[in-house]
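Trainee: Attaching a single structure in structure tokens format; questions to follow.
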Amino acid sequence: MNAIKNNISLQAQNLSYSIGNQKIIDNVSLSVNKGEIVAIIGPNGAGKSTLLRLLTGYIKPEHGQCDLHGTPIEQWPAEQLARTRAVMRQHSSLSFPFSVEEVVAMGRSPHGIHHKQTAIDTVIEQTDCQALRHRDYRQLSGGEQQRVQLARVLAQLWHPTPIECCLFLDEPTSALDLYHQQHTLRLLYRLTREQPMAMCCVLHDLNLAALYADKIFLLHKGKLVAAGTPEEVLNDHTLRKWYQADLGITRHPETQQPQIYLRQ
């Protein structure tokens, strides 16, 4: 692998992707640095999940390139990529009666048996899944399944000595109650500060993005229309223009970050 020359973990340049004659992603460039959380936001149909699939290498762009740690993502050996990059999809269903612990253990498959149980125990505790450990995954609520899937991808990236890695999450809080939304994003924020981890997630909740993201990319009909800090992106003019919603903006009483509310 090429040496990492700076803090950039992921660099996407001029990504474009179409289905038939429909342009889904149109000339998008962005970067994600280690030690930060990047949020991708945008209205329904903006192309957020498709962009995430391009960034992770699950699909190939028709134009442009995505580099992970300085190397084109398609050039990474599959097993090495799996130990360095993990993806939590929006929906994950299972047909067979796996226990929660067995689902979490799937994340360790790129590592073999090395440190397997330590990794599983660590991430189950981090994600507040201790009480779910022996339950049938199929019988869990949507929010509980979401926490288990987060534990799985964290297990995939767990190393006894942390290494540079990238975590991609597609709406990781969409099914969670308030406590677990806060618990999850506090955990993810802490991990990016304590480890050389870069994190990129699709979020619909703009207030969570404002509180926890270091950078925000706003997507609209496949185009990147705004990028910057929460302060720079989450303003009245930008949000009204691209979301077409009657909204207002106030300030969080503790952080002074923008907080969005819908008018009655």
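Cβ from N, Cα, C; glycine included.
Quick paste from Swiss-Prot:
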{"type": "DOMAIN", "residues": "10-246", "note": "domain 'ABC transporter'"}
{"type": "BINDING", "residues": "GLY42, PRO43, ASN44, GLY45, ALA46, GLY47, LYS48, SER49", "note": "ATP binding site"}
Trainee: What does DSSP assign SER49 (ATP binding site), in three states?
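Mentor: Going by the DSSP assignment, SER49 (ATP binding site) falls within a helical segment, counted as helix.
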Trainee: Please report the number of other Cβ atoms within 10 Å of the Cβ of LYS48 (ATP binding site).
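Mentor: Cβ-Cβ neighbours of LYS48 (ATP binding site) within 10 Å number 26.
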Trainee: Reduced to three states, what secondary structure does DSSP give GLY42 (ATP binding site)?
Mentor: coil
Trainee: Neighbourhood of the ATP site (GLY42, PRO43, ASN44, GLY45, ALA46, GLY47, LYS48, SER49): other residues with Cβ within 8 Å of the Cβ centroid, in order?
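Mentor: Everything else in range on the chain: LEU219, HIS220.
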Trainee: Tell me the Cβ contacts of GLY45 (ATP binding site) under 8 Å, same chain only and six or more apart in sequence, or just say none.
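Mentor: Expected: LYS221.
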Trainee: Looking only at ASN44, SER49, which of these binding-site residues has the biggest number of Cβ atoms within 10 Å around its Cβ?
Mentor: SER49
Trainee: Summarise the model's confidence over the domain 'ABC transporter' (10-246) as a mean pLDDT value.
Mentor: 97
Trainee: With an 8 Å cut-off on Cβ-Cβ distance and a minimum sequence separation of at least 6, pull the same-chain contacts of PRO43 (ATP binding site), or say none.
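Mentor: Correct list: HIS220, TRP242, TYR243, GLN244.
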Trainee: Around the Cβ of GLY42 (ATP binding site), how many other Cβ atoms lie within 10 Å? Please give the count over every shown protein chain.
Mentor: 24
